[in-house]
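K.L.:
Pasting a structure here, questions to come.
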Amino acid sequence: GTWKKLLWVKQQYPDNYTDEETFLDHLQRNPRWRPYEFWPLVADSTIIVQHICSVIIFVCCFTGIFQERVSPQTVVGWATICTVASWVFRDHWQSQSDAPEHALGNDHTEEEQNRALQSGSSVHEDDIRTHSRNVSGATSASLGEAPQMHARDRNSTSTPIDNNPTWYAHSPSQAPDSTIPTGSPFIRPWNGKASAFSPRTQERLMTAKSAVLIYCSLLGLSPILKSLTLSTSSDSIWALSSWLMGINVFTFDYGAGPEAKFPASLSTNAALMASTVLASRLPSTTHVFSLTLFSIEVFGLFPVFRRHLRYHSWTGHLLLTTVLVILAGGGLSMTISGGGWGMGVLGVILGGIVTCLSMGMTSWWLIGLQRYKNEIHGPWDPARPIIRRSY
């Protein structure tokens, strides 16, 4: 008979038999394969270039502060100005994104209120009719039994109230039919009163509060951070900070979108730890405070702005990439050579060339690697369970 790929059917073939003609009919090679394109790869690599340039700029600023070539107040001052400007842009984009949803929500709210008013009026009329009917019924029943009660009272004047069940039968508080229906209870806000600020204003106030708390905390922690690594040699500090910066670069979430509120925790913590140990090598608490605040702005807040900028303005994203490449190339050249503006211009030129070559070569390299992709799928593969997480 014809061979079937069924083990539970008795056949004249052994269990490990495979038909050479039909065995590979359902073979699929690279079913989810999507060919890479050069320019989209180059565009996506700008995210990596931005972060690497940010790390280089931070290292150059630390070196300039450590060698007393740059004032720490200047570095943190310009960084704070850029951070505030970035936050203003992000708040503007967020307001534009929330405007259509807010308008749609208001329309739904008005419709629901109209329905509630209509249904509430009809329910109120029904409640009034029911209440009138119950009260009239209870009144007639009480009037009908009143002579009997007076007769019993004349015959047994010493009967206690507790032993007279007729007293409770028509008590207004115990009669189930005479209960007055009430509407839904009024639920007060959690703090007892509604907020006078809009949600956007509340978010802005919370951001300002967080900024003040971070500023005050760093002022208090700066003397402690300055003496954190007094017993550690500088060579160990340089090696440790290099490893931590490498961890930051390789564990950074380059694919996160604007919906992510915070950067990757491991990457951010590694960068902040590196900046902390580097700040402990500086001569004064002012230097420590400035470098620590600068690191929070570079590694904690700047990635959030870069994601929003890439989502809302591709031209702005490319312009920011160009500015970061110029700053990183010029700063790295001046830091290594110890020269002035001339070496900075040379570094900008060399940095731009190296960046363009790196982006192009890595894109061609990824395109060339696709020909080695050989993923085979077929009916012989084990079934993959579909796990539905309900938590």
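Yeah, the Cβs are placed from backbone N, Cα and C, and that goes for glycine too.
Here's the feature list from TrEMBL:
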- 98-114: compositional bias 'Basic and acidic residues' (COMPBIAS)
- 133-142: compositional bias 'Polar residues' (COMPBIAS)
- 156-182: compositional bias 'Polar residues' (COMPBIAS)
- 98-185: region 'Disordered' (REGION)
- 47-66: transmembrane segment (TRANSMEM)
- 206-225: transmembrane segment (TRANSMEM)
- 288-305: transmembrane segment (TRANSMEM)
- 317-337: transmembrane segment (TRANSMEM)
- 343-367: transmembrane segment (TRANSMEM)
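Tell me about the surroundings of these features in the structure.
P.N.:
Long-range contacts of the transmembrane segment (206-225) within the same chain, counting only residues at least 6 positions beyond its ends with a Cβ under 8 Å from a Cβ of the stretch, are 87, 276, 279-280, 285-286, 288-289, 292-293, 296.
If you look at the transmembrane segment (288-305), the same-chain residues 6 or more away from its ends with a CB under 8 A from one of its CBs are 51, 54, 57-58, 61-62, 65, 72-73, 75-76, 79-80, 82-83, 86-87, 89-90, 214-215, 218-219, 221-222, 225-226, 248, 252, 260-263, 267-268, 271-272, 275-276, 278-280, 282.
Non-local neighbours of the transmembrane segment (317-337) in the same chain are 46, 49-50, 52-54, 56-57, 59-61, 63-64, 306, 309-310, 343-352, 354-355; each lies 6+ residues outside the stretch with a CB under 8 Å from one of its CB atoms.
Nonlocal intrachain contacts for the transmembrane segment (343-367), taken as residues 6+ away from its ends with a CB within less than 8 angstroms of a stretch CB, comprise 35-36, 38, 41-42, 45-46, 49, 325-326, 328-334, 337.
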